[in-house]
Amino acid sequence: MVKHQPLQVYERQLCLSCITGIYGCRWKRYQRSHDDTTKWELLWSVILLFTFSLLLIWSYFWWEADNDYNEFNWFLYNRSGEWTDGTVPILATTAAGFTYIAFLMVLALCHVALGQQLNLHWLHKIGVTAALLTTVIGIISVTQTWEQEWDVIPISFQATGPFLHVGALAAATALSWIVAGQVARAEKTIFQVVVVLLYLSVLLGLYVLPLYLTSPCITDPSTLKPRPEVFGHQGAPMLAPENTLWSFQRALQMNVSGLEADVAISVDGVPFLMHDLTLRRTTDVGKVFPDREKDKASQFNWTDLQQLNAGQWFLKDDPFWTVNTMTLREKNLTAKQSVCSLEQLLSLASYHNSTVVFRLRRPPPEHPCYATWINDTLQAVQKSGVPQSLVMWTPDDERAQVTRSAPGFIQTSLEKHSPEHLHRLGISRLLLRYNQASAREIAEYSRNNISLTVYTVNEPWLYSVLWCSGVSAVSSEAPHILKKVPYPVWLMSPNEYCLMWVSADLLSFAVVIGIFILQKYRMSGMRSYNPEQIMLSAAVRTSSRDVNVMKEKLIFSEVRNGGSAEELYEEHGFDSYSGQSIRQ
C-alpha cells in the first residue's frame, strides 16, 4: 500500500476566515487573495463609504430631531388624517440600516488592514444599494415636507460640536494603523506620498477645526444669564390631553411661569382652545356628530362644542407613550376632559398669577365673526378678570386699537423684525420658533430690551443651548423634563475647552507618530510575495518535512494558475506519485 502525504497543511485562521467569509462569502483559504482589488470592487467600496457617511448624517439628524417628534407626527396626520407615531418605523429602519452598513465598513477596514482583497458579496451589494436608495428617498422627503427641521443640525452642533470633534479625532487616530500599514507595504513612492499627504491633510483639518466651532455654552460661567422661564405649550401635552384644563393644571404643577394655547372662534363668538383646524383628532366628534366629522372647528357653536369629550382620545392613542405612567385618578380626570374656552384658561392663569400667551386663529371669511374676532376675544379676556399684565397679545390685526383698549397687555409679535421696528410698534416681546433666531440675534434683542420666547423646546440639550444664548423664556411640551435641568447640560469655560482641545491634539499626534514608526518596523524587509513564497524563503531555518510541505503548497498554488501538476512536481524535486522529495 502506498502512503500519500497530504498536499496542503494550513494553519487555522478562524478570525480571518470569518472576516472574508462574512464580507465576501470566501470561507476557504484558497478563495482569499492578496492581489490588488479590482476597479469594480473599488467602486463598490466607494459606494459603501458614501452610504455609511450618508446614513451617519441621517442617523444624527433623527437623533437630534427628537425634540420635534410630535411636530413630525402632526405633519403626517395632516396628510393622512390618521394619528400614528411615524417616528417608530423610521428610527427602527435607520438603526438597522446604520448598524448593517457600519458592520460592513468595519469588515472592509479589516480587509485593508490584513492586506486582503476587497470582494463584496452580491447579497451585500443589494443591501448597500437598498440602504443608499432608502436614505436618499428619506432625505428628499424630509426636505420637501419638513425642510425647516434641517436647522436642528447646526443648532445641535453648538452643544455636541466639541465632543463630536474629540470623537472624530479618535477615529482618525485609530485609522492611522491602517494608513501606516498601507504605506509600509506599498512599493511605489508616489502612492506612499499621496496616501500620507491625504491622511495628514484630514488630520490637520481636525486639529484646527475648533477654531471654527462656535458654541454659546463655551463661556465663563459667571456671565451665564438667568434660567429661562418655561411656558407650558398647550399645557403639559405629554402628561394630559392638549389644550384642556387638566393639561394646564398639570403644567402648573411643574412650576411653569406661563401657559401657551391655540385659540379659535366658535360660530356664536366664543373663543375656545383648539390646535387643529378640525375636531377629529382631539375629540369624539365622529361619535357625537357623525355627519360633521370633517367640518372646521370654528363652524361649531359653543353649545355643541361642550358636548364633545376631549380626553378619551389621549388614553386611546397614547401619543407620547405616557398613559401607563398615569394613576387611576389621573386617567379618570383625563377621560372626563371637555373642550376648554379661553375664558376658563385665563381664569385659571389669574388664580395662579401665571402669564398667558395665545395664538388667535382668524375664522374664514364666511364665518359670522370674521369681522369681529378681535373684539370677541377682547371681551372674553376682560370677562375672565385676568390682570392685563399677565396677557401676551400676539395678533397684529388692529393692534393699535387693542393697545388703546387694554394698554396693560404685553404686546408680542410672531414675526421676526429688527429691534427698532418692534419698538416703533410698541412691541416688547417676540415669540419665535427656536430655529428662527441665531445666538447673535438673541444677544441683539437682549441688548435692546426685547424679551424673546422660543418654541417648542422639549430636550435638555436644546434648552441648555438657548439658556447659554440668553433667551428669556421657552415654550415646552415637556415642562416635567425641563424642570429637572437646573443648570446647562453643556457648559465649560474657554480655558477648559482650550485645554481639552490641545490635549486631544497632542495625544493624537503622538499616537499617530508612534503607530507609523511601529508599522514601518513591523513591515521592514517585507515585499509583496505570494504567502507560500514568503514561507519558503525561510527554508534554511525549517525542518526538512516542513520544507516539503511548503513546496507542496507552492505547487498547489501554481497548478491553479494553469501549470501541469506532474511537470511542477518534477521541477520542484518531488516524485509525482509518492509525494517524497527526490533531492534529499
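Glycine residues also receive a Cβ, built from the backbone N, Cα and C atoms like all the rest.
Under the heading transmembrane segment, TrEMBL lists 42-63 (among others).
Taken from TrEMBL, the feature transmembrane segment covers 90-114 (among others). Non-local neighbours of the transmembrane segment (90-114) in the same chain are 16, 19-20, 22-23, 45, 48-49, 51-52, 55-56, 58-59, 62, 120, 124, 127-128, 131, 134-135, 138, 175, 177-178, 181-182; each lies 6+ residues outside the stretch with a CB under 8 Å from one of its CB atoms.
Marked as transmembrane segment by TrEMBL: 126-143 (among others). Long-range contacts of the transmembrane segment (126-143) within its own chain (CB-CB distance under 8 A, at least 6 residues past either end) are made by residues 44, 47-48, 50-51, 54-55, 58, 61, 90, 93, 97, 100-101, 104, 120, 149-150.
As annotated by TrEMBL, transmembrane segment applies to 163-183 (among others). Proximity of distant same-chain residues to the transmembrane segment (163-183), defined by a Cβ-Cβ separation under 8 Å and at least 6 residues beyond the stretch ends, is recorded for 109, 112-113, 115, 157, 192, 195-196, 199, 202-203, 206-207, 209-210, 213, 500-501, 504-505, 508, 511-512, 515-516, 518-520, 523.
According to TrEMBL, the feature transmembrane segment maps to 190-213 (among others). Beyond the ends of the transmembrane segment (190-213), by six or more residues, the same chain brings 157, 161-162, 165, 168-169, 172-173, 175-176, 179, 182-183, 497, 501, 505, 508-509, 512 to within a C-beta distance below 8 angstroms of the stretch.
According to TrEMBL, the feature domain 'GP-PDE' maps to 228-486.
According to TrEMBL, the feature transmembrane segment maps to 499-518 (among others).
Among residues of the same chain six or more beyond the transmembrane segment (42-63), those with a C-beta under 8 A of the stretch's C-beta atoms are 87, 90-91, 94-95, 97-98, 101-102, 104-105, 108, 118, 120, 125, 128-129, 131-132, 135-136, 138-139, 142, 149-150, 152-153, 156.
Listed by sequence, the residues of this chain that lie at least six past the ends of the transmembrane segment (499-518) yet keep a Cβ under 8 A from its Cβ atoms are 162, 165-166, 169-170, 172-173, 176-177, 180, 183, 203, 206-207, 210, 492.
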